[in-house]
Amino acid sequence: MLESHLIIYFLLAVIQFLLGIFTNGIIVVVNGIDLIKHRKMAPLDLLLSCLAVSRIFLQLFIFYVNVIVIFFIEFIMCSANCAILLFINELELWLATWLGVFYCAKVASVRHPLFIWLKMRISKLVPWMILGSLLYVSMICVFHSKYAGFMVPYFLRKFFSQNATIQKEDTLAIQIFSFVAEFSVPLLIFLFAVLLLIFSLGRHTRQMRNTVAGSRVPGRGAPISALLSILSFLILYFSHCMIKVFLSSLKFHIRRFIFLFFILVIGIYPSGHSLILILGNPKLKQNAKKFLLHSKCCQ
């Protein structure tokens, strides 16, 4: 018999899972229909679609972890599972990073030759960013697969067993350090791009207030809404990365409040940010409304 707090947690996990599948599915379907109609896809739509697909798989794995935690289902420990998880996790992280870089290059106003060059060519670089991420993540997975025999038992026994001994601690420590370091690279790139974008939007907002003080101008709230959207992206992305680092380096036990809270927060990022993307994109928002209205009519 499940305890009451575990039942509540599982209901929240189900809602989170369904929201993540729905929001990311909307992004994939809308951009897929546009691709079929126009035989081409805009660079931003391509990046959003790839990010949404990776988040769907990430959401599936997070829900699988929740089911394991709640119902104590046996997890199959093998290098294939470790490689798949690492591939999905790293790929989603890099694609989200490139999305932050794309927004920064398109929106921010910085008078620097390198930034101007990036601003003019960012659209053409998007396919290469995606391809480069795929190749890089694949190489990382091959590297870690050699040590999966140590990594997989370590992370699973750390959560599921209180009396576990791990062999070859030196090798394991190197792997954990490299695992955390790999998260740091996209995180630093993302932080630099998004903080630069926030600074640029904040400066633009102050200039508008000084220019049109006391008057109402159409579109005046657009920079503020964009700033809030980017700030929410930053908070979700940063908290997601930090919790992954904590789970990788510290010791927790399942069914404890802190562990359940961390897993729930990890799942908020791929669903919550995709919802923000839909609300901030007129095309995605309109198609999401059409889908909901069509679903109500079919009932």
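Cβ coordinates are placed from backbone N, Cα and C, and glycine is handled just like the others.
Per Swiss-Prot, the feature topological domain 'Extracellular' maps to 1-9 (among others).
Residues or ranges marked as transmembrane segment in Swiss-Prot (evidence: sequence analysis): 10-30 (among others).
For the topological domain 'Cytoplasmic' (31-55), the list of distant contacts is 20, 24-25, 88, 91-92, 95-96, 98-99, 102, 122-124, 126-127, 129-130, 270-271, 274, 277: same-chain residues at least six beyond its ends, Cβ to Cβ under 8 Å. Taken from Swiss-Prot, the feature topological domain 'Cytoplasmic' applies to 31-55 (among others).
As annotated by Swiss-Prot, transmembrane segment applies to 56-76 (among others), with the evidence given as sequence analysis.
Per Swiss-Prot, topological domain 'Extracellular' is recorded for 77-81 (among others). For the topological domain 'Extracellular' (77-81), the model's average pLDDT works out to 58.
Marked as transmembrane segment by Swiss-Prot on the basis of sequence analysis: 82-102 (among others).
Across the topological domain 'Cytoplasmic' (103-124), DSSP assigns 17 helix, 0 strand, 5 coil. Summarising the annotation, Swiss-Prot assigns topological domain 'Cytoplasmic' to 103-124 (among others).
The feature transmembrane segment is assigned by Swiss-Prot to 125-145 (among others).
Sequence annotations record features per position, and here Swiss-Prot assigns topological domain 'Extracellular' to 146-178 (among others) based on sequence analysis.
Per Swiss-Prot, N-linked glycosylation site is recorded for Asn163, and the stated evidence type is sequence analysis.
Here Swiss-Prot flags 179-199 (among others) as transmembrane segment.
According to Swiss-Prot, the feature topological domain 'Cytoplasmic' maps to 200-222 (among others).
Residues or ranges marked as transmembrane segment by Swiss-Prot: 223-243 (among others).
The topological domain 'Extracellular' annotation in Swiss-Prot covers 244-257 (among others).
For 258-278 (among others), the entry in Swiss-Prot reads transmembrane segment, with the evidence type sequence analysis. Long-range contacts of the transmembrane segment (258-278) within the same chain, counting only residues at least 6 positions beyond its ends with a Cβ under 8 Å from a Cβ of the stretch, are 9, 12-13, 16-17, 19-20, 23-24, 26-27, 48, 52, 55, 58-59, 62-63, 65-66, 69, 92, 96, 159, 229, 232-233, 236-237, 239-240, 243-244, 246-247, 252, 284-285, 288.
The annotation topological domain 'Cytoplasmic' is assigned in Swiss-Prot to 279-299 (among others) on the grounds of sequence analysis.
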Secondary structure content, the topological domain 'Cytoplasmic' (31-55) (per DSSP, counts of residues): 21 helix, 0 strand, 4 coil
Leading stretch by Cβ pairs under 8 Å, where the reference is the transmembrane segment (82-102) and the options are 10-30, 125-145, 179-199: 125-145
Folded-back contacts onto the topological domain 'Cytoplasmic' (103-124), same chain, C-beta under 8 angstroms, at least six residues removed: 43-44, 193-194, 196-197, 199-201, 203-204, 226, 230
